[in-house]
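K.L.:
Take a look at this one; I'll ask things after.
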Amino acid sequence: MKEHLTVVKHPLIQHKLTLMREKDTSTAVFRQLLREISQLLAYEVTYELDMTTRRIETPLQEMDAPVLAGRKLALISILRAGNGLLDGMLELIPSARVGFVGLYRDEKTLKPVQYYFKVPDYLDERMVIVVDPMLATGNSSAAAVDLLKQSGAKNIRFLCLLAAPEGVARMKEAHPDVPIVTAALDERLNDKGYILPGLGDAGDRMYGTK
Ligand code: URA
């Protein structure tokens, strides 16, 4: 991907995103919409998967038909909201390998601290797609990508639903080699680190917690 930031403006994505933003949208509908949008975004973010051909026989003749090349791609969910994007993507790419990164913010240092990290092997040979619905400050996203690079990942993409300019800038500074794909670039962060206009807390909205 040449662009550092790709905003996917497909009408179906934009319409579903508007429904997700609305404060009265129920947990069940929010989850279903996220699942649908994640499949549409998966289409965009996997556009550059390597291809090869395989000799096959159709009922009429032989042909060299296109198939995906190399190792299965790795989807890495940043807990816990990343799992909403992950579920939909797995429906489209059922053979993907899956990893999880758990980070919390240390209240004293305000830095992200790792509490869980489990990723597939051979990350250096896979396309690695990091999923987190909200790219807000970008601190946890940048830290997650740091950890993945330490595990060997080289070909990384970051997929989110909403991005704040602050988060995009932070990622560009820390990881200019990691393209970001999002459904919308919102206005800014508020003083609590929420994206405006945003959709609130993605994890709470998808799991019905508060
Ligand atoms: N995380 C969320 O869930 N929402 C935001 O607006 C920012 C970070």
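Each Cβ is built from the backbone N, Cα and C atoms, and glycine gets one as well.
Remember, TrEMBL labels are computer predictions, not curated facts.
So TrEMBL has the following annotated:
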type    : residues                                                                                      : note
DOMAIN  : 7-209                                                                                         : domain 'Phosphoribosyltransferase'
BINDING : Arg80, Arg105, Asp132, Pro133, Met134, Leu135, Ala136, Thr137, Gly138, Asn139, Ser140, Asp201 : 5-phospho-alpha-D-ribose 1-diphosphate binding site
BINDING : Ile195, Gly200, Asp201, Ala202                                                                : uracil binding site
K.L.:
Around the Cβ of Ser140 (5-phospho-alpha-D-ribose 1-diphosphate binding site), how many other Cβ atoms lie within 10 Å? Please give the count over every shown protein chain.
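P.N.:
Taking all protein chains shown, Ser140 (5-phospho-alpha-D-ribose 1-diphosphate binding site) has 24 Cβ neighbours within 10 Å.
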K.L.:
Considering only the binding-site residues Met134, Gly138, Ser140, which residue has the minimal Cα-Cα separation from Ile195 (uracil binding site)?
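P.N.:
Answer for the nearest of the binding-site residues: Met134.
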K.L.:
Just how many other Cβ atoms lie inside 10 Å of the Cβ on Gly200 (uracil binding site)?
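P.N.:
Taking every protein chain into account, the count is 15.
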K.L.:
Quick one: of the binding-site residues Met134, Ala136, Ser140, Ile195, Asp201, flag those whose CB is under 6 Å from ligand 1, and say none if nothing qualifies.
P.N.:
Met134, Ala136, Ile195, Asp201
K.L.:
Under 8 Å Cβ-Cβ from Asp132 (5-phospho-alpha-D-ribose 1-diphosphate binding site), six or more apart in the same chain: what's there?
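P.N.:
The answer is Ser77, Ile78, Ala81, Gly82, Leu85, Ser140, Ser141, Ala144, Phe158, Leu159, Cys160.
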K.L.:
How big is the Cα-to-Cα gap, in Å, between Gly138 (5-phospho-alpha-D-ribose 1-diphosphate binding site) and Asp201 (uracil binding site)?
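P.N.:
Computed Cα spacing between Gly138 (5-phospho-alpha-D-ribose 1-diphosphate binding site) and Asp201 (uracil binding site) is 15 Å.
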K.L.:
What is the total of other Cβ atoms whose distance to the Cβ of Ala202 (uracil binding site) is within 10 Å?
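P.N.:
The Cβ of Ala202 (uracil binding site) has 25 Cβ neighbours within 10 Å.
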K.L.:
What is the biggest Cα to Cα gap, in Å, among Arg80, Arg105, Asp132, Pro133, Met134, Leu135, Ala136, Thr137, Gly138, Asn139, Ser140, Asp201, the residues listed as binding 5-phospho-alpha-D-ribose 1-diphosphate?
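P.N.:
Taking every pair among Arg80, Arg105, Asp132, Pro133, Met134, Leu135, Ala136, Thr137, Gly138, Asn139, Ser140, Asp201, the longest Cα gap is 17 Å.
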K.L.:
Return the residues near Arg80 (5-phospho-alpha-D-ribose 1-diphosphate binding site) by Cβ distance under 8 Å, restricted to its own chain and a separation of at least 6 in sequence.
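P.N.:
Expected: Gly203, Tyr207.
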